[in-house]
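**Student:** Under the heading signal peptide, TrEMBL lists 1-21. Annotated transmembrane segment per TrEMBL: 206-228, 272-297, 309-331, 343-367, 373-395, 430-452, 464-490, 502-522, in sequence order.
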Amino acid sequence: QHVLGFLWLMTALFLLQYTDKEEVVLWMNTVGPYHNRQETYKYFSLPFCVGTKKTISHYHETLGEALQGVELEFSGLDIKFKEEVMQTTYCDIELDKPKRDAFVYAIKNHYWYQMYIDDLPIWGIVGEADENGEDYYLWTYKKLEIGQNGNRIVDVNLTSEGKVKLVPNTRIPMSYSVKWKKSDVKFEDRFDKYLDPSFFQHRIHWFSIFNSFMMVIFLVGLVSMILMRTLRKDYARYSKEEEMDDMDRDLGDEYGWKQVHGDVFRPSSHPLIFSSLIGSGCQIFSVSLIVIILAMIEDLYTERGSMLSTAIFVYAATSPVNGYFGGSLYAKQGGRRWIKQMFIGAFLIPAMVCGTAFFINFIAIYYHASRAIPFGTMVAVCCICFFVILPLNLVGTILGRNLSGQPNFPCRVNAVPRPIPEKKWFMEPAVIVCLGGILPFGSIFIEMYFIFTSFWAYKIYYVYGFMMLVLVILCIVTVCVTIVCTYFLLNAEDYRWQWTSFLSAASTAVYVYMYSFYYYFFKTK
Ligand SMILES: *[C@@H]1O[C@H](CO)[C@@H](O)[C@H](O)[C@H]1NC(C)=O
């Protein structure tokens, strides 16, 4: 962490300093509708024209940027540090019919474009329609005001002026001007103006966290009370039965979880998938924990795509966790095809994520969206999977099998499985699974609202402290819920607790997924 922080500081100190008249690059990034941040196209997919300045080396994007559809292209504008530029025309758009139609479509859909100066994002609106929606106007004059503090750029404001009506077969001159101002903003604080504390640190957010905390305390109290009291009662009942002689015991009506003691350590059904899922879950948990902690320390949002790059790096590095827990669980369950388990465990999540991304990629290519992932990036991701994730997973699996692969259960497994008795409908595993996810979902859905908002709207999520708290709350609630679910299931003398316990917490994901549909259709435009 210190090395990372130090490197970052060094970069900030040396790379982002300018000398007078040094070239400052204005990068054009994307255009897209204001109401959906995820739908982006290349800036020059609209028939904008490029400035006259040609020579610029290509921008090298990071892995995270490539995956998030960042498409930096040089604007061709001539900007030099601390050099004022009066309004200058940098190119003309020859507006023919197709070009006009493209602009009209963009204006109708409230397209915004995004640019970068010195890593600072700048947003501007493409154009405007008049009230009756007949005439369309393009903003043609980009007025840039750049704040400098010492030899660093700390602030950029863009004002769009020069409204020009879109008439076919005309020439539209595009112009820009640059004004430099002294600014007191500190370099470290230059991203603060993009954050929205009144939204993210709203009273509702604090209140919901407080609420969830109350729920956790209540739930933990409830669980420990129920378990303590019922378990004590159960033990008392069982020990009384113990005192009766064999004759009575055979006649006595034993019931409850003790009946299944010879079956609870029976391997789960589909142990291969089960242990792969558990291993992957352990890995995801450690990735979330580490990435959130890094984000809390490091302000990862200030650099494009650095969050995603970090997450990929941490995911690859934590592969041994996956192998260890998946492999040892599989060995404990008596599985023999451990190589197959290792492959499935290692590639379960990468395959699902890449499969989804592949599918989205087709759509992106079809619509010429900038999300389309370049071929080189795909190869890079595959290389990470095969040459980093797989070997690390192998190490973890071997460690797991050897260190904790021995089954050490407190009682023997009966040779013949016990029949599962009839039970009330709400004790069926399927019902328990569906109900189990409600409480964990209830403890996180407000946070999901903020996350979805930053995903689809132009708001930068930066309150990772909140996210950390919510993660902790989610873990505690999940643990409580699965304990209670398992207790109920075993008490109904159903010994298939492994999958029920796993799925009763996993159903939270289904609720979150459904909530994302609700959010998309009813909360966004
Ligand atoms: C940009 O706009 C904000 C708010 O209007 C202002 O406080 C700031 O000084 C401006 N920065 C520059 C460089 O003009």
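Glycine is no exception: its Cβ is also placed from the backbone N, Cα and C atoms.
From a predicted model like this one, the values you see are computed outputs, not experimental measurements.
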**Student:** Under a criterion of three or more Cβ pairs within a distance under 8 Å and sequence separation of at least 6, are the transmembrane segment (430-452) and the transmembrane segment (502-522) in contact?
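**Tutor:** Touching, yes - the transmembrane segment (430-452) and the transmembrane segment (502-522) meet the threshold of 3 or more Cβ pairs under 8 Å.
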**Student:** Of the listed stretches (206-228, 272-297, 309-331, 343-367, 373-395), which one yields the highest count of Cβ-Cβ distances below 8 Å with the transmembrane segment (464-490)?
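**Tutor:** Most Cβ pairs under 8 Å with the transmembrane segment (464-490) come from 206-228.
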**Student:** Take the transmembrane segment (373-395) and find every residue of the same chain, 6 or more past its ends, with a Cβ under 8 Å from one of its Cβ atoms.
**Tutor:** 63, 66-67, 69, 312, 315-317, 319-320, 322-323, 342-343, 345-347, 350, 354, 357, 361, 364
**Student:** Other than its close neighbours in sequence, what residues sit by the transmembrane segment (309-331), given a CB gap under 8 Å and a spacing of at least six beyond its ends?
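**Tutor:** Long-range Cβ neighbours of the transmembrane segment (309-331): 62-65, 271-272, 274-276, 278-280, 282-283, 286-287, 290-291, 294-295, 300, 338, 341-342, 345-346, 381, 384, 388-390, 392-401, 403-406.
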**Student:** Using a Cβ cut-off under 8 Å, which residues of the same chain at least 6 positions beyond either end of the transmembrane segment (343-367) come close to it?
**Tutor:** 41, 67, 69, 272-273, 275-277, 279-280, 283-284, 319, 322-323, 326-327, 373, 381, 385, 389-390, 393, 397
